[in-house]
Amino acid sequence: LLLLALSAPYWLSPNPAADAVGGCPLDFSWANFTTAAAACSDGAQRAACCRYINAFVATSIARYANATGRLGVPPAFSEMCLSAVSDTFRLRGIATDAAVFCGLGPKIRVDYQCAGRNTVLEMMQSPSFNDVIGSCRGPLSLDITCKTCLNYGIVYLRRLIGSDDNVALSVCRSAVFVTLATQHGVLSYDDILTCFFGVQGITTFPGTVSVTSTPASTPNVTVPSDSSAPKTKSVPLPQKHQKPYHISVVPGIGIGVILLAILLQIVLVVLIRRKNKELRDAELSAQSPDNAFHQGQSWRCAEGQSPMFQRYSYKETTKATNNFSTVIGKGGFGTVYKAQFSDGSIAAVKRMDKVSRQAEEEFCREMELLARLHHRHLVNLKGFCVERKER
């Protein structure tokens, strides 16, 4: 027989085997069976009952792995531990038929041998396991973080096992849980329990305490000597970070909302200034020398022939044409609309499509021709409108 010295963190039982039942090194003194017993006594909650039983066993193995580095009890202890665990569950209010229904033994085992890996170190050294650890960092109490962690775990297991053996996947999934649970300071223990098994309130661990390995109590536990037995390893379980995470998330959300509000305000100010600039540019363009030249030119073109032409405002013209709604013709440089002015007179208003040097000259020539020519088949020029970019 090989004697291994076991060391445990402060909040673990000083001696994992001290509270063991029937010589089994698994300890359940930390467990709160109240909620699980209620679920297992209700036939409609069998699925929840099985998750509780799985979580209890996996947590005890995680505590054992933290002290020994093994992913479960040695093979020689397997049958003894299954019997001891079943007796413990029965004494704590979980019916024997519930444990049998959930597969304690065939499915829910007391050792998590996964694809030839028997220790935490072997799991951590397998390809891509670092990706699983990285994806599971952060508060697993958040749904999105938990789903990301589980998805990476599933991808890892599919590559590792390479089969659709549901029992093997379940055992290896629990092995992943145990390995993650032994990572000091990385995960919140309660969060990872909730994420992997969907259960809460099964532990009676103290509040937030520092998870450190204390060699003060190092009892000797006798285990069978076999070729796969690892040397003494102490991998501390994680701290309980749930409250600090919650405390840090709330200010983070508040800061994010404030930054978003500031960003929206900056965008709004930029848009307002851009619109004001466009309006100022439009006003300045109406008063610019180039525009004044065109207006003066058009005015002089008409004024040189007859001072009787009336100058209409754009607003007045828009009202007379009912916002340019009735089209009665179309020329080379514009569209002709029907207009009725406030004095009752009806006229044809030709609106240029666009203002350019060529169009400005065409506008001027057309006014000159209409001013000079008088014929019974040619309409008389009544007036014009030159305002901003409208002709």
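A Cβ is built for glycine as well, from the same backbone N, Cα and C atoms used for every other residue.
Neighbour list (LYS350 (ATP binding site), Cβ cut-off 8 Å, at least 6 residues apart, same chain): GLY331, GLY334, THR335, VAL336, TYR337, GLU366. Per TrEMBL, the feature ATP binding site maps to LYS350.
Annotation source TrEMBL lists compositional bias 'Low complexity' at 214-225.
Residues or ranges marked as domain 'Protein kinase' in TrEMBL: 322-391.
Taken from TrEMBL, the feature region 'Disordered' applies to 214-239.
Annotation comment: TrEMBL describes 1-20 as signal peptide.
What TrEMBL records for 249-272 is transmembrane segment.
Remote same-chain residues near the transmembrane segment (249-272) are listed as 139 (criterion: CB distance under 8 Å, separation of at least six residues from the stretch ends).
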